[in-house]
Every structure is written in C-alpha cells, then in structure tokens.
Amino acid sequence: MSSIESFKQEGRVFDSPVDFVNNAAISGMEAYRALCAEAADDYEGFWARLAQQNLHWTKPFTKKLDESNAPFYKWFEDGELNVSWNCLDRHLHNGNADKVAIIFEADDGNVTRITYKELHERVCKFANGLKSLSINKGDRVIIYMPMSIDGIAAMQACARIGATHSVVFGGFSAKSLHERIIDAGAVAVLTADYQVRGGKNLPLKAIVDEALAMGGCDTIRNVVVYKRTGGAVDFVERRDIWLHELVEQRTSECAPEPVGAEHPLFILYTSGSTGKPKGVQHSSAGYLLWAMLTMKWVFDIKPNDVYWCTADIGWVTGHTYVTYGPLAVGATQIVFEGVPMYPNAGRFWEMVQKHKVSIFYTAPTAIRSLIKAAEADPSTHPSKYDLSSLRLLGSVGEPINPEAWMWYYKNIGGERCPIVDTFWQTETGGHVISPLPGATPMVPGSCTLPLPGIIAAVVDDGGHDLPNGKGGLLVIKRPWPAMIRNIWNDPERFEKSYFPHELGGRTYLAGDGAIRNEETGYFTITGRIDDVLNISGHRMGTAEIESALVANPMVAEAAVVGKPDETTGESICAFVVLKRVRPEGDEAKQIAKELRDWVAKEIGPIAKPKEIRFGDNLPKTRSGKIMRRLLRVLAKDEDITQDISTLENPAILEQLKQAQ
C-alpha cells in the first residue's frame, strides 16, 4: 500500500489544567520521556520492574521475555499468580475491604452497591459452585450474560479457579453463539433468563437453548442461569441449573488457583468480519499488568474517584476497563445495565450528576448520538445537569472526529477536563497510543503518542519507516506483555493476520492506517486498512472525510465507504444523518450539493463524495459501532447476505438502500 494522503492538519492544542498536571501519576512531558527512555535502555527490565511492583505473585518469575518462538512471545512465563486474588483479595488486606467496588444502576434506575468484601464473597461462592460442576483449571466457559454484578462475578469466578472464560455479547445471535461454543470447546454456558435494555426484556436463555439445539455442542455439560427478571424459560433437566441454587449452600471462601503467567485468562472472539470468528487469546500476568498500568497512567485513577466506563462486558473494553483494570487498582466504578437513550437522552448526564462520576469513558458514536439528541430535545442537553464532579473524559472504539471532541470537551468537560482519546484493540489488551492527561498536550482527533514501552511506528508495505506527514501502516515493533498470544486453535491465522512475512514476521500489524504530525510526531488513525479509499490514485482514509462531514453544522453523524467507479477506480459514497428530519427529493439533492462543496473546502475537491445518502440513523451494533461492511454492500447496490444478528436497527438498511 502506498502512503495515505492527508489533506488537513488540526491546529488546535489544549493543555490540561495546572492542578491536574501537578497531581497526576505521570506529571509533565519530562516524566513521560523518562519512562520511555527507561524502556529504550532496558526494555525487558522496564517491564519486569513494573510486573514486580504491581502484581502479587504466588511464585515470583525469573524469566522476562522469551522471543525464541516469535511471534508466539512469552512474558514472565515461570511465574505464577491468580488474577482474581489481584483484583479482590489484595483489597481485603490493604484496608479497602469496605470500600464500594461497584455501584450498579439497573435499566429502571434502581441502584445496588457492593463492597470489595461482598464482591469477594460473591465471587468465591460462584467459584465454588463452578467447582461443584467439575469445572476445573484450563476448562473453557462461555459467559452470555447482561451487564450486571453477576456478569462480572462470573468472569472473576472463572479466573479464580483457572478456567478460561469467553464472554459473548448478549446481542449476538444463536448462530454466533453456537460457533463460539464449538470453537472454544466450552464445558458450560453461564447466562441469564433475560436481559433488560431500554425498558424491554430480551431473551438470553432461549437463545442459548437455540444455539445448543443446533448440534455439535457435545462438550457442554451445564447451563447456569442467573434469574434477572423471573420470566418464563425452558429448563433441561440435569443440564440447566439456577445460579442462586448453585451458590446458596456454598462457602464464601475459595482458595485462588495459582496459574502460570501465560495461562489463558480469556478468549474473546472478534466480530464484524465474514468467515469464522477469531478467538483472541490473552495471557494472565501480562494482560493484568497492562490493565493496571493504563488505569494508573491514562485514567490517572485516585482513591476517591468514581469511574464509569460505559462499555459492555461482551467487548474487550468491558474486560480491561470494567472487569479487571478498575478492580485490580481498587476503584469504585459505575456499572450500567441500560442504554444511553432510555428513558431519554439525558440518562448518562443524570447518572453522572447522581453518582458524582469523576472519570467518564465512552465511545464517539455515543457522543455523536447524544449531540444530535440534545439539539432535538434541549431538555436533555448536558447543560441542564450538574457535571462538575467530572475531572477526566475518555474516548474509545474508533477515532473521534474533531468536532465531536470539541463538543465533548466544552459541553461535558466544561473546558477543564482532559480528554484521553485512546487507541487500542481487542488484540492489544489495553491502550497503546493515548494522551497522558497530566503530560500530553491534546489535539482534537489525535490519539497523540505511544504509551511508555509501546514502540509504535508508521511503515510502508515493506516495513520501512515513513517520515512524519506520510501515512502508512500502523505497527508495533516490540512485543509488549498485554499483546494477543494466539488465535484459539488457529496459530497459522494468528501469524498471517498480525505478523505477516512482508513485515519480517516479528512486527505486529495493527490493521489500521496512521499518519504522524510533521512537527509533534502525534499519531492520527486514518481508519482500518480496508477503509482506505483510492480515488484517482490518491489514497485517503475514510476517517478524515467523515470528520469533515461532521464538522458541518447540519450533520450529526457520517460514515464513508468506497464503491467501484469506472472513471476514478473508486468513488466516495457517504451515508449521512442530519441533526434535523431526513430530507427527500429536491431538498436532499440541494443539501447533498452543499455537503459536497463543504468537503471540497475542508479537504479538497478530490475528497468530494460522489454520492450522499441520508438516513435517520446508521446501521450499528448494540455496542454502538457502525457496521461499515453493510454500508459497503449498500453502496454497491447489492443484497445483504451477511449475518446481521448484532445489528441494533435492521430497518435502517432498507431506508439507506432506497435513499438514493
């Protein structure tokens, strides 16, 4: 791939407040550079020091990094520990037993608080219940549960006994669940009768039954069911058991099972691509270390913070920054069952006000949706709520366009909260490129600089470094402790996907394009490699065109894809959601012309969309991610044959198909 061209440079720079910087875990750029220099001088020693200081080991490690079978790297492999002990028991010994671990808000607004001592007891009972079903160290367990204290406890219980969990997002279909059960060779499924989202009871147990009825799931011995609503469900005798019955007679003590540092803590299947799902396999020690360090460095977590990451446990963000990271550092966190638009679009801000949230971490898609909602219904505008408890904001899941960044900064953060625009992936285990809120000057739309110990670069197809200002492939040149260890049952695919021979077989290929600012070296993610457009020989990232569209005052949200074009090779097709009612006919044509001219002015004529389609919304997963693969099919005017079970709003496809 030749370099990606970037036509617009963001010039705005924002510094964190002085008092924030003075009290930050990493205070000032000199402190950041000192950590980077330590990693450069003694890479293995840098990570070993951090692992010794942050993790509790039942058997200390003597080995640091093993690269003998690259790219199947190993860290601290002769050490042993238990992840659950590091998340729970440590707080019973350091004076935080009675500190609130989780503030759970149900869909209907009911609130439950649970301390570290109480959560420890619940996890131990759960773990003892799993052991009574002969679930042992190394067994795989599927978790298909809603956002809940019990969903988090299920993951921690697996970690406590050394079972490898694989959480499947509650929005996935029976077919998707079936594929994952078979690939993982799971012995049990942990689920709920229903999940409650946006005032609706959605079946989970019935979907599990449907998946198991498809056949081939011979490894499954038990289905454990958390009674969320008490609604009717079918029960298979001897296979199915209620969670409350499984745990009611169990002791609240369960000795944590020591596991090797490289023991698979979890498998998480990546969604969205065609073909067999990829089971991303993560280690225990290296993964947990990075979850802790990024909580401290990127979120600057303090003992009195109230932290809220809005992600579902079915996604990697809900693993690292809900189930593991916050608990390992002893944080008090919000866990929310519902959705941002129910009962109205002020729900998030009402919760920030009610719980005095100080750190808030959400996705750009949610931010853009809430911008549109606030303009449509001023009563839900964040200015109507007291958000003064906030001190730090975060963005995750996709690049945040500068205009959404600015709205977030002004309206949610009151121009006083740093924003950490975090770039990372399921495969990286945690943040890899992100501002440090006490050190890094912020630029809207840029994830800024790699974290200490992450050796990121922008290269061409042959792996050669590109100069700043030239876009190319984002890579990480050295193995880091939290990185993906394998694709479950598919090592060949692991090597081919992430460590291609073209790059030497040892360099991690992120699958994203990036460009570095000529002066600061800041990274901007230009989108997935397969989201790069080639217009008349010019390679352009979709993210830049989308940002230009969203910068227009009329536009709430935009997604851009390429479609074949006889003249230019590829042309730009934009799907746009306005802040007002969807236009039709001549009005739609007029607004489309205005937007094309706008993009030409913002970026250049080469970036003008040839086609613009207007919709009431964009096709999104239930976690809020835009399903661009479906937009590519719509742009080509082809019929959709892919699995759309994770699509939140299927009706939008027909609207966008006809909106030409």
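Placed from the backbone N, Cα and C atoms, the Cβ positions cover glycine too.
Secondary structure from DSSP puts THR317 (CoA binding site) in a helix. Around THR317 (CoA binding site), the same-chain residues at least 6 positions away in sequence with a Cβ under 8 Å from its Cβ are CYS309, ALA311, TYR361, VAL396, GLY397. What Swiss-Prot lists as CoA binding site is ARG197, GLY198, GLY199, LYS200, THR317, SER536.
The feature ATP binding site is assigned by Swiss-Prot to GLY397, GLU398, PRO399, ASP421, THR422, PHE423, TRP424, GLN425, THR426, ASP512, ARG528, ARG539. Residue environment of PRO399 (ATP binding site) contains 25 other Cβ atoms, counted within 10 Å of its Cβ in all protein chains.
Residues within less than 8 Å, Cβ to Cβ, of VAL550 (Mg(2+) binding site) and separated from it by at least 6 positions along the same chain comprise ARG368, ASN401, GLU403, ALA404, ALA556, GLU557, ALA558. Summarising the annotation, Swiss-Prot assigns Mg(2+) binding site to VAL550, VAL555.
Its Cβ placed at the centre, LYS625 (N6-acetyllysine) has 19 other Cβ atoms within 10 Å. Here Swiss-Prot flags LYS625 as N6-acetyllysine.
Cα-Cα distance from ARG528 (ATP binding site) to LYS625 (N6-acetyllysine): 14 Å (rounded to the nearest whole number). Looking only at the binding-site residues LYS200, ARG528, the densest Cβ neighbourhood within 10 Å occurs at ARG528.
Put simply, LYS625 (N6-acetyllysine) is 14 Å from THR426 (ATP binding site) when counted between their Cα atoms. The closest partner of TRP424 (ATP binding site) among the recorded positions, by CA position, is LYS625; the full candidate set was ARG197, GLY199, LYS200, VAL555, LYS625. Within the same chain, residues at least six positions away from ARG197 (CoA binding site) with a Cβ under 8 Å of its Cβ are ASP107, PRO146, GLU337, GLY338, VAL339, TYR342, ARG622. DSSP assigns ARG528 (ATP binding site) to a strand.
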